[in-house]
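> So that we are looking at the same thing, I have put the structure below in C-alpha cells.
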Amino acid sequence: MLARHHDPIVAIATAPGRGAVGIVRVSGKDIAPVIAAICGRALAPRQATYLPFRDAQGQVIDQGLAIHFPAPHSYTGEDVLELQAHGGPVVLQLLLARCLEAGAALNPAIGQPWLAQLRVAQPGEFTERAFLNDKIDLAQAEAIADLIDASTETAARSAARSMSGEFSLAVNTLLEQLIHLRMLVEATLDFPEEDIDFLQKADAQGQLSRLQATLTGVMQRATQGAILREGIKVVIAGQPNAGKSSLLNALAGAELAIVTPIAGTTRDKVSELIQIEGVPLHVVDTAGLREALDEVEKIGVERAWAEIESADAVLFLHDLSRRDAALPAQDTINYIAADDRIARTLANKLPENTAIIDVWNKSDLTSPAGLQQVQGGVLISAKTGAGLQTLRQRLLQVVGWQAAPEGVFMARERHVRALHHVQDQLATAGRQLQAARPALDLLAEDLRQAQRQLSEITGEFTPDDLLGEIFSRFCIGK
C-alpha cells in the first residue's frame with residue numbers, strides 16, 4: 001500500500017446501505033479535471049456548493065453538496081473533493097464510477113488521460129495518507145479507527161481524546177525528557193577528557209526519576225484505555241443449575257439465556273456485550289460443569305472449559321441454597337465436594353493473572369445458617385438483584401479498572417507493551433547510573449532503545465509491515 005500513495009484515489013466514504021446522505025471522496029494531486037467533469041465548474045475552496053452532479057452525457061446523476069479542500073489544508077494533506085449526495089447505494093456507485101470515468105478521460109492537450117492512475121482506495125488509505133503527510137501521527141490514526149469501533153460512550157470519549165492528540169502529547173513529553181537525558185549521557189561519552197561530570201552536575205539521576213514518574217502516569221492512563229478498547233472477557237462458570245443463565249440475564253438486563261429448573265439446560269455458550277461504568281464486558285454463560293450425561297452435554301462442557309481458559313475473569317458461581325443445613329447431609333457433602341473439584345481445576349488450568357471471583361448465588365433461598373457459611377467472594381441473588389452492584393464493582397476492581405482523574409485516553413495493547421519496554425529500559429538505566437563506575441555505553445544504549453519504543457507509538461519510527469496491518473483494518477473510504 002505504501003508504494004502507491006502517490007496515486008489519486010476515490011471511494012465511498014459512508015457506510016454501506018441506504019441513508020439520508022452518502023459521501024464520495026476523492027484525494028490526490030491535480031484533481032481539478034474530476035471536479036470540472038462532475039460539477040461543471042471550479043469550486044471555491046472549503047465552501048459547500050449545492051449543484052447537480054452530471055454523467056459524461058451531461059445527464060444529472062443527483063443533486064447535492066460539493067466541497068473542494070485544496071492541499072495542504074485537507075484531511076489527507078492532498079487536494080480532496082467530497083461529493084455529498086443522497087445515500088442510496090445505486091446513486092453512490094454511479095458517482096464512484098463517474099469519478100473513475102472522469103479521471104480516465106483524455107486530456108486533448110496531450111492525448112492522454114487526465115488522471116490515468118485514479119483508482120478505488122484501499123481500506124484506510126485516506127487516513128494512511130493523512131499520516132504520511134504529517135497531518136496526524138500513528139496514535140491519532142489508530143484512535144480514529146477506535147472511535148468508529150467504540151462500543152461505549154466512555155470508550156468513544158477516550159478515543160476522541162487520543163484523536164485530538166492527548167496521548168501523542170503525553171508520549172512526546174516523555175520523548176523530550178528522554179532525549180535531554182540521552183544528550184547528557186552522549187556528551188559524557190563524546191568528551192571524556194573534559195574535567196566536568198556532566199551526569200552529576202546535570203542531576204541525571206533526578207532527571208531519570210522524574211521521567212520514570214511521568215511514565216508511570218502515562219502507563220496508568222494507557223492501560224485503562226486498552227481496557228476500554230479491548231473490553232474484558234468474563235465467563236460465568238459453575239455446576240448445573242447454579243443460576244449462571246439467570247446471572248447473565250440479570251447483568252444484561254434482558255432475557256438472553258433460557259432459565260429452567262432442569263439441570264443442564266444450557267448446552268452451548270451464550271454471550272452478551274454489557275457495560276459497567278462505560279467499560280465493555282463480554283459476558284459468557286457456559287454449560288454446567290459436571291460429568292456429562294450424553295454426547296451433546298459433553299461437547300458443551302468441553303466448550304465451557306475452552307471459554308474459561310480464555311477468560312480475563314471467571315465468575316465461579318455457587319448455589320448457596322445447596323449448602324444449606326436444612327438439606328440432607330450427603331447432598332450437601334456431594335455438592336461441596338464437586339465445587340471443590342472445580343475450584344482445584346480452575347486453579348490448575350488458569351494463568352495466575354486470570355481473576356477468579358467466588359459468587360454465592362440464591363441468597364434469597366438460603367437460611368440464615370446457610371448464609372453464615374459465606375467466607376469471601378460476593379453474595380448475590382440473581383433473581384432479586386441483591387448484591388449485583390457489589391459484584392459489578394468487584395469485577396471492575398479485579399480487571400484493574402481505575403479511571404484516571406484527568407481522563408483516560410484510548411490506547412492499544414501494542415502501546416501498553418511499548419510503554420512496559422520503556423519502563424524496563426529505564427529501570428536498567430537507573431541501575432547503571434547508581435553504579436560506582438557506570439558503563440556509559442550501555443546506559444546510552446538503554447536510553448536509545450527506550451526512545452525507539454516511544455517513537456514506535458507515534459509512528460516516528462515504525463516498520464512498514466506494522467503500518468500496513470494497522471491501516472488495513474480501517475473501512476474503505478476512511
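Just so it is clear, glycine is given a Cβ too, placed from its N, Cα and C backbone atoms.
So Swiss-Prot lists these for the protein:
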type	residues	note
BINDING	ARG25, GLU82, LYS135, LYS478	(6S)-5-formyl-5,6,7,8-tetrahydrofolate binding site
DOMAIN	231-400	domain 'TrmE-type G'
BINDING	241-246, 260-266, 285-288	GTP binding site
BINDING	ASN241, THR260, ILE262, THR265	K(+) binding site
BINDING	SER245, THR266	Mg(2+) binding site
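So that I understand the layout, could you describe where these features sit and how close they are to other parts?
Mapped onto three states, the DSSP output places GLU82 ((6S)-5-formyl-5,6,7,8-tetrahydrofolate binding site) in strand. Here GLU82 ((6S)-5-formyl-5,6,7,8-tetrahydrofolate binding site) comes close to ALA13, ILE23, VAL24, ARG25, VAL26, LEU65, ALA66, ILE67, PHE69: these same-chain residues lie at least six apart in sequence, with C-beta atoms under 8 angstroms from its C-beta.
Around the Cβ of ASN241 (GTP binding site), the number of neighbouring Cβ atoms within 10 Å comes to 21.
Taking all protein chains in view, 23 other C-beta atoms sit within 10 angstroms of the C-beta of SER245 (Mg(2+) binding site).
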> For each of ARG25, LYS135, LYS244, count the other CB atoms within 10 A of its CB; which of these binding-site residues has the top count?
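Sorting the candidates by Cβ neighbours within 10 Å, the top entry is LYS244.
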> Where does ARG25 ((6S)-5-formyl-5,6,7,8-tetrahydrofolate binding site) sit by DSSP, helix, strand or coil?
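In three-state terms, ARG25 ((6S)-5-formyl-5,6,7,8-tetrahydrofolate binding site) counts as strand.
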> Fill in the CA-CA distance, LYS135 ((6S)-5-formyl-5,6,7,8-tetrahydrofolate binding site) to SER245 (Mg(2+) binding site), as an integer in Å.
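About 49 Å separate the Cα atoms of these two residues.
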